[in-house]
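K.L.:
Below are the features I grabbed from TrEMBL:
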DOMAIN    169-239  domain 'PAS'
DOMAIN    246-296  domain 'PAC'
DOMAIN    324-459  domain 'GGDEF'
DOMAIN    468-721  domain 'EAL'
Amino acid sequence: MPLRHFPFPADEPQRLETLRSYRLDGPAPEAEFDHVVRLAADIFEVPTALVSFVEEDQQFFKARVGFDTCETSRDISFCAHALMSDDVLVIPDARAEERFASNPLVTGHPFIRFYAGAPIITPSGQRLGSVCVIDTEPRAPLTDREQRILRGLAKVVVDHLERRRLDVVRRAATKMASTTPDAIVCSDEKGTISFWNAAAERMFGFGHLEAVGMPLTSIIPSEFRAGHEAGMARVLAGGERRLAGKTVEIRGQRRSGEQFPIELSLATWKDGDHLQVGSIIRDVSERHHARERMRYLTHFDRLTDLPNRAQFLERVDKALTMSGRFTLLKMGLDRFKAINGTMGMAVGDLVLTEVGRRVREATGPDAFVARLGADEFGVLISGSDDPITADATGQKLLQRMGEPFNVGGSMCHLSASIGIVLCPGLSHFDVADAALKAALLALQHAKMAGGRRCELFQPQFGQQANDRHQIEEELRQAFARDEFELHFQPQVTLPDARLVGAEALLRWRHPLRGLLSPAVFLPILETSEMAVDVGRWILRRGCSFAAEAAAGGTPIRVGVNLFAAQLRDPAFFDDILAALASTGLPNHLLELEITETTVLGLDESVIAPLRRLRDLGVKVAFDDYGTGYASLSLLKRYPLTRLKIDREFVRDLNTDADDAAIVKAVLAMGASLGLEVIAEGIETAEQATTLAALCCREAQGYRFGKPVPAAAFRHLLAPASGSVAA
């Protein structure tokens, strides 16, 4: 009667998976296995020898001598029992053992009496089958020597299985190496190249036949070869564990001698007694160019090629730390906006570029010149606090600014005003920002005096604070009288202009002067004591607007701009949750907008609430990215979900290669960091089409709608589709 119950190894599922991984193709004969059974039959002088593999319900014989059947049920398999131990299973007389006496392979053909089977054990420890010898007559148990021989034959089978697997892996690896864009280079322990794929040929310029046999240092610049060889020596000595799963950036060298940055990943393995090193190499030149471009934008003004405000403040701080003696001049162009308005911003940009050139010429090589923003420039002269020299420098600048500007075939005339600060002078400054603010007060006095003049800072200029207080009081009364209102500008998807959001923008409806834009009052409001209260009001009104839109069947997110004072407020996190709860607006429909200047100088205590809000689903957008002086590290430091491309880069997108490159870089950076990106300032169909082609998914600008009150905004919604009529 057949045996219906057979033992299962504890790792049966893994064992079966391993067996399938070798792709043995059933009992189809293979010469290597046939050789094993013939050798076994000869050594042990038996009529039958088998290489057996045990599947889920049956066993099949990959090689056999003296046995006609290709497979049997696992129920009656002797090899199923051999799987249960690493030892050789020896059955001197099957008819004398209860578990085998009634086995049909014993009672019938092939009339097994003697069986000895050594398990086929993989390197991972799974037993797949056995190499067995069979006789029709009882025999004495195998000696220790005979068992070693049988185990050795089973090991031969395992070695062949592993060679098959490695051949498959090798063919796959060779195929991948021929198609990957990364260079794959292998070398021996002496640093001689032994493998060189097609990507390596393209990257370094050496053909395969030429490269194999070359020293690996041939692709390393000479000045870095000593360091490279020392590093490789550490890897060969076992240091590769330190590099496991990591990449390093080094310099590579093409056949032409051109150096370029490469990203390198290393692995080592043994080939017999010899150590081999494999390198995956990626050309990261484009990444470096983009990084350098963004680093440049972080520290320089892209229009004038001068250092920007951030770098200027760093220099002033350094001057305060080193000697404490310096002259600081802040120059502002008088009525420059009129040039932009009458002659166009393109001419205005050319004028600013020429202004930067003249300032450099007028102040000489020892002065540090920067564009501080808009039409303002800064000059720092370290080591000098002489008022006569400072005034002479200022007068020279005024003279140069008064000379006609011939730009783009257009002639225009300018004048400038200059505020001068001497340090230590009449005031002591602890930080650069204080010195720059003093220069601004002096500049404002120069402008109020009619412009075209220099004004040396005096402590009494603090009266400006009193004037500011008066304006703040007027703003406070306006808030109490409910003269503030929100306007909303649509945000849409590209290219289909489907409405997905709106940015809430603050306006002041003055009882005498009418509707005032933020430029009139926001610089004072955002740094006043009212900032938190007004910001909280904007937040709740914005959430209420979006909640009403969602209830009406058009769920859109609302973007709310934050003041720096709100971020510093201990109640900031609770304010956001309260606004969401009181209006019923889902978290994901609120987007908090922060600017580079808003977040500079804020510490982790401010970042943590933003991170918690982001984790709750609230969106966080970085507004006007690229126009200020924040570093790239802010993108890593702050829990952002979106970047907003400033209108400055969108305006000439279709005519300015630099603008196009910057937009592409920001889009690529957003994609790499998992950030959504929206472009602002879209005014034409051409701009929208180009942005859509660059895979910019969202847009905002007059093309899709100007900021309008909430009631007017609702009319922009198409009830059926939620689309904006562009």
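A Cβ is built for glycine as well, from the same backbone N, Cα and C atoms used for every other residue.
All annotation found in TrEMBL is predicted automatically rather than curated by experts.
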K.L.:
Where DSSP helix means H, G or I and strand means E or B, what are the helix, strand and coil counts for the domain 'GGDEF' (324-459)?
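P.N.:
The composition, in the requested order, is 61 helix, 38 strand, 37 coil.
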K.L.:
For the domain 'PAC' (246-296), how many residues does DSSP put in helix, in strand and in coil?
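P.N.:
Residue counts in helix, strand and coil order: 12 helix, 29 strand, 10 coil.
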K.L.:
With DSSP helix as H/G/I and strand as E/B, how many residues of the domain 'PAS' (169-239) fall in helix, strand and coil?
P.N.:
44 helix, 12 strand, 15 coil
K.L.:
Can you work out the mean pLDDT of the predicted model over the domain 'PAC' (246-296)?
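P.N.:
Summarising the domain 'PAC' (246-296) by its mean pLDDT gives 88.
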